[in-house]
Number of protein chains: 2
Amino acid sequence: MAAQSKIPQATAKRLPLYYRFLNNLHLQGKTRVSSKELSEAVKVDSATIRRDFSYFGALGKKGYGYNVEYLLGFFRKTLDQDETTNVALIGVGNLGTAFLHYNFTKNNNTKIEMAFDADTSKIGETIGGVTVYHIDEMEDRLKNVQAVILTVPGSVAQPIAERIVKCGITGILNFTPARITVPDSVRVHHIDLAVELQSLVYFMKHYPNAL
Amino acid sequence: MAAQSKIPQATAKRLPLYYRFLNNLHLQGKTRVSSKELSEAVKVDSATIRRDFSYFGALGKKGYGYNVEYLLGFFRKTLDQDETTNVALIGVGNLGTAFLHYNFTKNNNTKIEMAFDADTSKIGETIGGVTVYHIDEMEDRLKNVQAVILTVPGSVAQPIAERIVKCGITGILNFTPARITVPDSVRVHHIDLAVELQSLVYFMKHYPNAL
């Protein structure tokens, strides 16, 4: 799909958001949606939505809006909804436990298959339907896993990251305060709670009333 | 500060990240830093860093790099590090508890002052130094609070958001799966765990090797 490689990263980041909302509309029996409705629901301004959608070849009609089913079909293909990605979670503390209770499969084909922790008292437990294994079993068990959610203490994030990269993991959702260094072939998305909070405060002060 | 309103939002979002790393360098006694070092540490490409820094009036010198102290001084002023923002956390489940244990004040002047929950068994507990109050005390206690971290179940996110907006809150870090609707005067940053995971998977498949 040559067209996809032309989608700007900022647009690509909003795809899962659009998909999720349109899927909900579809489940409610809605057949069309205006960019204004979309804008209010996903909190992205409608000019940006129209530009994003033009990259997908979807052009809304005045007074009609967008066809929900067409868009969903396009997004499903684009987001590879039919192919499940196996995910492991490493670090079953409070944050890790919150992730295990989160029902990821409800809206997409991403599934947490297993969890790991160093605390032997947690080994063998099932949380949110996911079994917790000892962290030293990672090398044996990560064979069919592509992505990892990292919720270990920041102090061990780097050595754990190096171990999982050796297991062939190509994507890491890093929820630790530590930034990790991995080969370029591994995609890392970092969500740092302190940075998110500081960023909110900065925008509150400097960009009030902005979308 | 007229110059600040010209900083693009994408640049503004990276400010807390830059600040954090430069503060660490400063604590280690480093006086200068190259855009290459910065790039490797904060995982932003060096062309973007140079463009970002040019908005701050900071121009690196070839073979010298940037002056750490000058940049820190600039960022401190810009990020209003001297003024503490009072934050409340609403919803002391696993995710909320993880936030309470997170040491936010280590790197900036954002402080979680109090927490709220509907579960009476949690009321009066102190978690990470923060006291948990009953959610019906919000209206009395939120008077000196500017921002809220929302970690309640998605099903109650909207009614709780409406209550805190009435208390004068102007910023919400929404960690629930639900998107919330509030007046334009309230800044909302939404971090949806499922969207973050789906976004990572999408980038793994379509943008391998990209920063």
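Using the three backbone atoms N, Cα and C, a Cβ is placed for every residue, glycine included.
It should be emphasised that the depicted structure is a prediction, and the values quoted were computed from it without experimental measurement.
From the options B:17-56, B:97-136, the stretch TrEMBL describes as DNA-binding region is B:17-56. The binding-site residues examined here are B:Gly91, B:Gly93, B:Gly96; by Cβ neighbour count within 10 Å, the least packed of them is B:Gly93. B:Leu95 (NAD(+) binding site) has a Cβ environment of 25 other Cβ atoms inside 10 Å. Proximity of B:Val92 (NAD(+) binding site) to non-local residues of its own chain (separation of 6 or more, Cβ distance below 8 Å) is seen for B:Leu100, B:Ala115, B:Phe116, B:Asp117, B:Asp119, B:Lys122, B:Glu125, B:Ile127, B:Val132, B:Thr151, given in sequence order.
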